[in-house]
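Contents: one structure, followed by commentary.
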Amino acid sequence: MGRYSGRSFRLVFMCVVSILLFVMELAVAHIGNSLSLASDAFAVLSHLLSMVIGLFSLRASTISHHRKSTFGFLRADVVGAFGNSIFAVALMFSILVEAIKRYINPQKTEEALLVLLAGIVGLFFNVLNYVILDCCYCSAGRPLEDPGTAAHCDSLNIQHEPEETMRKEKKSEALNIRGVLLHVMGDALGSVVVVITATIFYVLPLGQDDDCNWQCYIDPSLTIVMVIIILSSAFPLIKETAIILLQMVPKGVNVEELMSKLAAVPDISSVHELHIWELISGKIIATLHIKYQKDRGYQDASLKIREIFHRAGIHSVTIQFEAVDSPESLEQKDTLSLCSSPCISKSCAKHLCCPPRALPVAHVNGCAEHNGSPRLDMYQSQGRGRPELSDVAIEVSLDGRGSDHGQTFTKTQGDQCYVNSTHF
Amino acid sequence: MGCWSRNRGRLLCMLLLTFMFMVLEMVVSQVTSSLAMLSDSFHMLSDVLALVVALVAERFAQRTHATQKNTFGWIRAEVMGALVNAIFLTGLCFAILLEAIERFIEPHEMQQPLMVLAVGVAGLVVNVLGLCLFHHHSGFGNNSGHGHSHGGHGHTKGVRSKSSRPGDSDHRSPGGQRPDQEETNTLVAGSSNSNGLKLGGTDPEKPRTNATDVQMNGNVIRESDNTDLEDEADDAQKAGQLNMRGVFLHVFGDALGSVIVVVNALVFYFYWDSCPEGRFCENPCIVDPCKALVEIINSTQGTVFEAGPCWVLYLDPTLCIVMVCILLYTTYPLLKESALILLQTVPKQIDIRNLIKELRNVEGVEEVHELHVWQLAGSRIIATAHIKCEDPTSYMQVAKTIKDVFHNHGIHATTIQPEFASVGSKSSVVPCELACRTQCALKQCCGTRPQAYSEKDTEKAPTVSISCLELSENLEKPRTQAENMPAVVIDMKKMPNKQPESSL
């Protein structure tokens, strides 16, 4: 039974059914010279397309190692869901256009009985589709992940983790299926609209010569209602996938809190280039650069940092430790907020993932976006005779060891962008 | 206006033009009660939407600095804008295809071809203007896209800076092969690397304290800033290129549509004999239930006018289908490229096998695992790696070389985590020494065993028999924090089998 209840099998099955339906409807439309059947056939085709996208992304997301992608194609789920929802929005837009045209140019539904039958058949197929894709999937739970290992490991809240994993995984697979379901729902609602309109025309038929009365306006009105319903369920899906695709910090993670916890770790002097992002839901990746004092070593700090991240739910962490040689050099506060091992030359600055804001190039454009001027002025006014820094990392917040420079720093830069580098 | 990027100005300009034209078409369609014109105006509306999407994405993507919500800045927005546009275009092609099939089944005669011709020509003018505005983003030309062109700049700059600097570097590499090496931040303790260089050579050396360790990238030569400016602008353009390509394709599709409208109107005007007013005539191209009646009348009365040649009616849908094919063909590369970026694949200009090979060849590197290379947007490529080294003391030198290797491949934002191998581990296939705990294996980004994955469940990784935390504790206890002695650790490895960590 396992073979036949898998998601990809179900999708393939529905794809085949849709192809058959499409071919049949197109043939009947040609024979019977019916326009609405032809357009319905194309609706079926578009759902076929969405299911193909869903199927491909489902299969691709099982690939976790591939020579073309170091992350495998795990993200295919998310991209597929995003693509499907945008496609649905585009289709809804064109349906909206048709509805508006019908308002301007109302048309009667002719051959009400035939249309009613076609609508019922379409509705039946869509409900079948929905049932197969959604309900079967809901009831077949995911197998519990290795509860055994919970016992071996340390004592930090491990009991909750297996459930958490399960929930998150359900949610992430659901993303892909949700994209396909959006289309199915759209088609189902469309069939409902067709059935209602045809019923009305069947019960209260309009003769050939009659003008269009209120009956003609039901179709476009219901269609607009349908579009609104679909759009309201498409937008949350788009938002959810966009959060992942834009490499945003995932919802459960509070960067400020993390930073303050990191500040509490002894032996480290500053943190910069902290990046947290979600590969797919449930898998969060973080990278950061840490400056430590050379004579203190960093192994302990490394352990503590990993624990902090682990508690926050982030398990793939890559830490780059940079040595700061002695406490004296700590006085050069600005050095601490700079990466001491970025790429090897400044010419790479623009290729850095997130170049520090204060680039002097900003002057030429006159643009205040990459704002370097206040910082540089401040440096000059300090008159320390230190080299003028152009790649200064962003905001610096100091602890008691700080000097006034740091404090003023913070104040002027406070309203600028977020702290990517924190100095403890 | 100085603050607005050129792209944004162009987008706004095109947006306004298209919007005005759309309104014009709507008005004309009402006046002439032509349905075709109305649907064309809705095509323009979709164009407006595409431009709005591109504009929003462009605005977002300007903010490249890190924020609370997004540690990478919003530069990815332009890739997403491109994908949205590409999908919209595909949806639009679909709708056009549907209309064309409808026209095949039920051909429409065009009313008032002259008016349609006039509007079509106006639309064509607007679209050609748009094409001119965006043509250098076409992607058909030599745009290298997310190119490696920094290489040229970077190295020439390095050479220039080398020559202007008073020679105090020991590490001057011959032949300018690696001119950037001098600018490199040194992580090597006590090295006499001359990164202390400052602006314009006024201060030849940074006043050093005891540590030569901390050298900033920021000290690198000022005079290279001038060329930096052009590069900055260039790079910003490159980063937004995908987005602009999407816009270009949209405008291109619209231009094709206008061409079809114009051609159709001309053909209709010249070739179609429409039924004259007030006379009885039949249209042989349309299935007409009255045909029988016409036969009767034909035999009794004189002439029955026939409407013009039927092929004219089928020209429109045929051209539409041709246009759809062209559009799909040109949209597909954009779709593929933006999808590949969003999938976090290795960008195509990076040869990852070569990269791994070079990394492994670096002296002092035992093994590389968890290497991830991905493209943020434009030319910003990010890499993370765990490097297993033998010796903590020589690590700094090794790290420098590693950064060099990455730089040469065009990757400038890297995070390298060193791990020091425990004594006695000969096999190159050892697990990550600093992984999260065992039950976290499922939640780690990329798992441990490449071959042990079942079809359905990729997240089930085989459980590791001991906790990695315990393992690392064992490794780290003997190392005292206060000393820098080389770490020789007697490792109590309990793991029975070594799992391949490298995902490559």
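Quick reminder: no glycine exception, Cβ is built from N, Cα and C everywhere.
What TrEMBL records for A:12-31, A:37-58, A:78-100, A:112-133, A:180-205, A:217-238 is transmembrane segment. Marked as domain 'Cation efflux protein transmembrane' by TrEMBL: A:13-246. Summarising the annotation, TrEMBL assigns domain 'Cation efflux protein cytoplasmic' to A:250-322.
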Exercise for review: Answer with yes or no whether the transmembrane segment (A:37-58) touches the transmembrane segment (A:180-205) by the criterion of at least three Cβ pairs under 8 A, sequence separation 6 or more.
Suggested key: yes
Review point. Which sequence positions outside the transmembrane segment (A:37-58), separated from its termini by at least 6 residues, show Cβ-Cβ distances below 8 Å to it?
Key: 7-8, 11-12, 14-15, 18-19, 21-22, 25-26, 28-30, 76-77, 79-81, 83-84, 87-88, 91, 118, 122, 129, 176-177, 179-180, 182-184, 187, 190, 194
**Study point:** Long-range Cβ neighbours of the transmembrane segment (A:217-238) (under 8 Å; 6 or more residues past either end)
**Key:** 81-82, 85-86, 88-89, 92, 95-96, 98-100, 102-103, 106, 109, 175, 178-179, 182, 185-186, 189-190, 192-193, 196-197, 200
Check your understanding: Residue counts in helix (H, G, I), strand (E, B) and coil for the domain 'Cation efflux protein cytoplasmic' (A:250-322), per DSSP?
Key -> 22 helix, 31 strand, 20 coil
